[in-house]
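Asker: For reference, the structure I am asking about is given below.
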Amino acid sequence: GFVVGHAGLYQALAMFAVAYFIIGMTVLSVCAIATNGALDAGGAYYMISRALGPEFGGSIGIMFFLANVCGSALYVLGLVEAVVDSFGIPPGQEVGTGVHVLPQSYWYELLYGTVLLALCLLVCLVGASIYAKATFLIFLIVAGVLGTILVSFFATRPIGVPIPFNSSETENGSFTGFSLATLRDNLGGGYGVDYTTGQMMSFSSVFAVMFNGCTGIMAGSNMSGDLKRPSYSIPRGTISAVLFTYLVYNLLAFLMCATCNRTLLQKDYGFLRDISIFPPLVTVGIYAATLSAAMSNLIGASRILYALARDDLFGRALALAKKTSASGNPVMAVILSWLVVQLVLFSGKLNTIAGVVTTFFLLVYATVNLACLALEWASAPNFRPTFRYFTWHTCLLGIAGCCVMMFLISPVSASASLGFLLLLLLALHYLSPSSTWGYISQALIFHQVRKYLLMLDVRKDHVKFWRPQMLLMVQNPRGSARLIDFVNDLKKSGLYVLGHVELQDLDMLPSDPLQPQQDSWLSLVDKLNVKAFVSLTLAPSVRHGVRQLLFTSGLGGMRPNTLVLGFYDDAEPQDGLARHPAFTSAREEVPLSFPPLRAPAAPKLLSAREYVGIVADALKMLRNVLLARQLESLDKAWELRRAASPPPTIHVWPVNLLRPDSARYADTCSLFLLQMACVLNMARAWRRARLRLFLCVEAGAMPHAQEEKLRQLLKDLRIQAQIQLVPWDAVTRLHWQTRQGPPGGPAPGEAVEEEEEEEGAVNFPANTTQVSDEYVCAANKLVLEQSPAPAVRFLYLPRPPANTSLYPLYLHQLELLTRGLG
């Protein structure tokens, strides 16, 4: 009557259509989730938390708890209004007459609400079975009353109904019986003042009050923990309830518009009593309906609170709500819910809190639709609901409908509740323990990543968009913490894979030994805060294992293009993990599943020849190679903190120091060297560092022309670096003294390098390293003398010789060249 009186028939029918459209879409989502596997206590909260994860589930659980609590208070206040209408002393009279004996004031009405709420509490404390019996009894009563009301519209003769206006005046409403004139008058809207609150009504405020008559759709699913077969009962019960109430509301709206004038509808919300063939029965029906709704919301709130407490999302805050009676009834959750409802009762009038309750319910419905949409979009094979009458379109329409109506009803309430939801989301994200429910976000990310990986086409790669994709081989993370950190700075938002080879034979083992190790490696990645994947493999030798990883690491267009190895020398391994800030500051133990470091006297896992063989293999596979020496001694934090001194420097030597006769600055390796130094300089931690490039010049070789050429190259490559000329006549003289033949010609047994490289054919130049140890030591001294000492040096790595018997000599000279360079 309230809705039709203010909004008129057309708008009332539109309100029902909109409300039931939103509810219909949500019911389809509820049914889909309810029929997809087991359901436990908590209804919508359980559905959302198990689909969207603990953050969303917990925050929506609290919102839904509040919605049910406010809903329960709302129905109790509605019951109080009905009781006062029937038995209250009329305004302006001191003493009541006949049945009108209850005094009316804010405090008296609060008292009546408290007594009625205590009655609901008693029923809920006894347990779900008595609640179910009470609800069924109430259902029969309400159905009977509804039948008499429908008969009354036809059986009652036209009458005038006096409505007390104030202490002395009354207005006359009238029941005209079926009349075309009455129907015509009631078709359009005619919003007036709500006599219970004194506020002017509008479409949104009337919709807010009306929508609370439709929020019972979750009453069944809230009881999911108490039902014998929730996945059978929830869809059937909910859908039939929605259809039944929709028909009844539309029928009542039409009958009222055709028989009651607007004054009666707007000024007397209890008018059905006046026109009924048996007035007391209407009063009983209103009491029964509101009492049932109040109880349903109270028991729903308590079950949600119990489910939240049991999931331990809020820690000790809800520990009390876990306590249950011997029969399993969560009595403490019921009592806590009752206390909160009691607090809400202080708001005093039904229509005051209607807007807030509706906003909360709409937000929960939107999230149920979101949960179903996410499950549908993730295309997870295990989302197989037996209820099939939904698509992602219905979920999306439900979400849109809920959000639009939420802001139409009360922009302030909607914004405030969304803000509150975000706060809860953030709090749970950072404070709640991780759950084992599975996160829909992971399924959605997988779905999208797979889609985009398929779109990433290696045939469309272009040098303009080249980025380093690193595979760093780690034998034991205890000795490589700083190297892992450094390579993380070098990757420039590219792929980064930590590779590890376990030397075992699967034929001799009962199970895969890598599975238990995986978690330790992933924890290490988290602790060191590096953006890396982990790839472990079993192989008979390290070289075989690295080959496997180079062939198989990555996916589609995301594959490592650069292999990074630690240096092969006799340095004693240092446990850098124990000293790493990630473990020292947090006072955390280093993951103990990593074995202790190799003792200095213990044999190495691979020979010098095998190590150089790995470098040669990577070059055959067209991968770049970086060898990292003494990176464990790099204290990045200290280097970059020295604010008082000049900024740290990065030294770059883009000339092949082991082949002084082919000293060119524009071959592929030199450009790669420049690129890597530049990438490091672009990393946030290294932005203060300055690049310094060393140009080795001989007397009479026009150094300025060479410098200008190099400067132009840097300009073309947009690399900011300082160029420093280094005379190296004394060093090259040592080289030529040990060589036959004139300077400049190819060395015996050496192929001419450049043409072969440029064509992309990887026939190794013989590169027989015809340089003496004396020369290499002089070159090492030349590099060492350039001051101030840099944080990092980048040196040109010559290709390994084609003759494998020369591998040990090649490695020996690399070791001499880089000895003591930090």
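From the backbone N, Cα and C atoms, a Cβ is placed for every residue, glycine too.
This is the feature table in TrEMBL:
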- 1-471: domain 'Amino acid permease/ SLC12A' (DOMAIN)
- 12-35: transmembrane segment (TRANSMEM)
- 56-77: transmembrane segment (TRANSMEM)
- 110-131: transmembrane segment (TRANSMEM)
- 136-155: transmembrane segment (TRANSMEM)
- 241-264: transmembrane segment (TRANSMEM)
- 284-309: transmembrane segment (TRANSMEM)
- 330-347: transmembrane segment (TRANSMEM)
- 353-377: transmembrane segment (TRANSMEM)
- 389-409: transmembrane segment (TRANSMEM)
- 415-432: transmembrane segment (TRANSMEM)
- 482-570: domain 'SLC12A transporter C-terminal' (DOMAIN)
- 751-760: compositional bias 'Acidic residues' (COMPBIAS)
Asker: For the domain 'SLC12A transporter C-terminal' (482-570), DSSP counts of helix, strand and coil?
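Answerer: Here the numbers are 38 helix, 22 strand, 29 coil.
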Asker: Between the transmembrane segment (241-264) and the transmembrane segment (12-35), are there three or more C-beta pairs closer than 8 Å, counting only pairs 6 or more apart along the chain?
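Answerer: Contact between the transmembrane segment (241-264) and the transmembrane segment (12-35): present.
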Asker: Out of 56-77, 110-131, 330-347, 353-377, 415-432, what stretch is closest in contact terms to the transmembrane segment (12-35), meaning most Cβ pairs under 8 angstroms?
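Answerer: Most contacts with the transmembrane segment (12-35): 353-377.
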Asker: Looking at the stretches 56-77, 110-131, 136-155, 353-377, which one shares the most CB pairs under 8 Å with the transmembrane segment (284-309)?
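Answerer: The listed stretch sharing the most Cβ pairs with the transmembrane segment (284-309) is 56-77.
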